[in-house]
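So that you can see what the record holds, here are the features copied from TrEMBL:
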type	residues	note
BINDING	106, 107, 136, 221, 222, 223, 224, 279	pyridoxal 5'-phosphate binding site
BINDING	139, 278	N(2)-acetyl-L-ornithine binding site
MOD_RES	250	N6-(pyridoxal phosphate)lysine
Ligand SMILES: *Cc1c(COP(=O)(O)O)cnc(C)c1O
């Protein structure tokens, strides 16, 4: 089917919440994808920081194919080897500690963290939650209640829990907001959906200290930032600020849907039998995919690679002088090109025209979150093309 036909049929069959996406993708290989009309693109968004090994990576194809041919699903009535190996591997990466709950998505990982935090609050007589203005934690009602981005939160309120929002990156404001009555603080290490906005250095460590001082649970939402994205397994490692509860998803399964909520220390034992569950969460195929992702990142040295190629990307973009470009921010293979005005949709479209997929994550910011296997040459092919892309996107052009 052609892209045009797919778009028309999509529009008729789906709810209008996404609008009609600009491209129908048909296949991928490495960091490249092809649309339904056969045109190739360098994929610099990786399905929103998900396709960590790129597309059709042999390790992922083999692991998933073998697992689906052996046992695709058990439900939580039975356990299976891939989930045990995955939980053990994640614990190893997290210092040998932590107990897991596996999910199918990011928002479900945060639902689990929120239920843990609610239980923690009930047990300890703590009643409210703190999260960041402009933060994003997901679209299900619990995660949405923690989401600070007003445009997506407000239309669906009121919410059942008391969440107090603080300006992201302001440690003093956080300190004032967190009292002995606060059950938990939910924070991203860098705001992802708000436009890859890192906090001032030391903010995550300060949040850790504030939670230690008050007894609030420190919940790190690393759904977008973890599994190599910043050049480390987990972004909290950059500030040595290990949370009490950690949520993961996007890059973990390399494109297969799987997420995790990890609770450390005594918090790992907060749920009693029957407190939470999922029919599909941690299914054997997703778990096998995640094991292949973690194994490949380790075997191929993709943490160091992401840090290196991330620098190539940042330096290349930083060297571009253009009236539309204000700067570049972020870490590893998780960057935003910041624009001087609300030109991101036009630049995203111009990039697509030039054969590059990037994401207008905010009116004035373009998110770049490529597969961790992106090569330095591929990164340079984009930064070399970027001035002409910006030219093509100029309002007067
Ligand atoms: C994407 C994201 C979520 C939600 O994940 P879904 O899989 O879309 O439900 C939550 N938190 C953060 C930080 C995210 O980036």
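Our numbering is plain: 1 for the first residue shown, then up by one each step along the chain.
A Cβ is built for glycine as well, from the same backbone N, Cα and C atoms used for every other residue.
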Distance-selected binding-site residues near ligand 1 (C-beta under 6 Å), from 107, 222, 278, 279: 107
Candidates 139, 250: member of the recorded positions with the richest Cβ shell (10 Å): 250
Recorded positions near residue 223 (pyridoxal 5'-phosphate binding site), in sequence order, restricted to 139, 250, 278 and a 10 Å Cα cut-off: 250
Per-residue Cβ crowding (10 Å cut-off), top of binding-site residues 107, 224: 224
Greatest inter-residue Cα distance in Å for the pyridoxal 5'-phosphate-binding set 106, 107, 136, 221, 222, 223, 224, 279: 25
Three-state secondary structure, which DSSP defines for residue 221 (pyridoxal 5'-phosphate binding site): strand
Three-state secondary structure, residue 106 (pyridoxal 5'-phosphate binding site) (per DSSP): helix
DSSP three-state assignment (helix, strand or coil) for the residue listed as 'N6-(pyridoxal phosphate)lysine': helix
CB within-chain contacts under 8 A for residue 222 (pyridoxal 5'-phosphate binding site), separation at least 6: 188, 189, 234, 235, 236, 246, 247, 248
278, 279 as binding-site residues, winner by CB count within 10 A: 278
Pairwise CA distance, residue 139 (N(2)-acetyl-L-ornithine binding site) versus residue 106 (pyridoxal 5'-phosphate binding site), rounded so that it is a whole Å: 9
